[in-house]
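J.: Before anything else, here's the structure in question.
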Amino acid sequence: MAKVCFILVVTTVVVLGLAASTVHGQGTRLGFYHAKCPNAESIVRSTVQSHFMKDPTISPGLLRMHSHDCFVRGCDASVLLDGPDSERTAVPNLTLKGFEVIDDAKLQLEDACPGVVSCADILALAARDSVVLTGGLRWEVPTGRRDGRISLVSEVNLPSFSDSIEVQKEKFRVVGLNTHDLVTLVGSHTIGTASCRFFSYRLYNFTTTTESGADPTINPSLVGRLRELCPEDGDGSNRVELDIGSPEKFDLSFYSNLRRGGGILESDQKLWNDDSTRPTVRHYLGSRILRGRSNFRVEFGKSMVKMSNIDVKTGIEGEIRRVCSEVN
């Protein structure tokens with residue numbers, strides 16, 4: 001994959017219609033660190049940007065890490081805790097990347113404002129900043145989360161690459177997210193890659209109804225290319241762009257690919273094939289550009305705010321970790 005050679009600075013803020021003090025009654029609010037650590041957001045932003053310049057793949061990495069955190073015990077940075085039976089040891093989390101970015105930001109924040117900024121808030125802010133660096137719109141991130149003390153591999157039940165739409169919707173429903181949020185947040189796959197092991201089963205002996213044996217929902221013109229990248233006798237470690245043609249830019253091409261049978265993950269392609277999710281994909285593809293912003297990029301910020309407030313700990317709950325990988 002070609003290395004990104006630009007930084008797109010977006011100053012437009014998505015207006016989310018949030019109350020000035022709290023969001024969804026969860027206790028987070030805009031400007032939480034204004035008095036105690038006024039430079040908190042700028043420290044996180046500059047840290048993410050510094051790492052992005054060296055390795056642009058940290059952007060999808062941080063975005064994915066934040067979602068994996070929020071779907072287990074809520075957005076409390078439990079995914080950052082290290083240990084033999086922690087969430088980090090679950091199979092879906094073994095390929096997470098960006099831990100060093102969070103650790104770097106935490107180190108700087110502890111120097112500037114000891115014991116003030118939580119790891120959970122750092123992760124939420126870093127996910128937002130990662131989207132901005134790849135061309136997405138900036139949204140305001142309510143802060144005030146506190147860090148959890150428990151991280152168990154046995155509790156990890158994340159949306160999977162082979163899940164049906166009904167299973168995906170149920171996994172989103174139990175954490176308070178609806179079908180619209182599902183289609184919108186999966187749009188994060190407009191940046192990043194996936195290992196062949198997560199989709200190569202679609203390329204070989206998937207069905208007897210097609211001459212090639214490949215999943216018939218894959219565009220036939222794409223099968224040959226994917227087989228070159230993911231040989232049947234390979235170890236599955238090769239990585240393929242989730243958004244072929246535009247993997248480093250936060251745009252609509254991911255959804256365009258779904259319409260053409262170009263979804264790399266089976267769960268992604270089902271967003272177009274299922275009657276309950278296709279209308280939202282069509283809406284994004286057919287939406288007009290308003291003041292330089294497509295509906296998808298605006299809605300993505302709204303759904304991210306909603307996701308990042310799943311079962312957050314605030315007030316006297318949890319703690320503010322001194323080191324993100326271990327409890328105090």
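The backbone N, Cα and C atoms fix where each Cβ goes, glycine too.
Here the structure is a predicted model, which means the values were calculated and not measured.
Reproduced below are the annotations present in TrEMBL:
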- 27-328: domain 'Plant heme peroxidase family profile' (DOMAIN)
- H68: active site, proton acceptor (ACT_SITE)
- P159: substrate binding site (BINDING)
- T190, D243, D251: Ca(2+) 2 binding site (BINDING)
J.: For the binding-site residues D243, D251, which Cβ has the most other Cβ atoms within 10 Å, all shown protein chains included?
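T.: Of D243, D251, the one with the most crowded Cβ is D243.
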J.: Restricting to the domain 'Plant heme peroxidase family profile' (27-328), report the mean pLDDT as a whole number.
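T.: Looking only at the domain 'Plant heme peroxidase family profile' (27-328), pLDDT averages out to 95.
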J.: Out of H68, T190, D243, D251, which of these recorded positions is nearest P159 (substrate binding site) by C-alpha distance?
T.: H68
J.: Per 10 Å Cβ neighbour count, which of the recorded positions H68, P159, T190 ranks highest?
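T.: Highest number of other Cβ atoms within 10 Å: T190.
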J.: What Cα-Cα separation, expressed in whole Å, is found between T190 (Ca(2+) 2 binding site) and H68 (active site, proton acceptor)?
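T.: Between the Cα atoms of T190 (Ca(2+) 2 binding site) and H68 (active site, proton acceptor), the distance comes to 17 Å.
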J.: Between D251 (Ca(2+) 2 binding site) and the residue listed as 'active site, proton acceptor', find the distance joining the two CA atoms and give it rounded to the nearest Å.
T.: 22
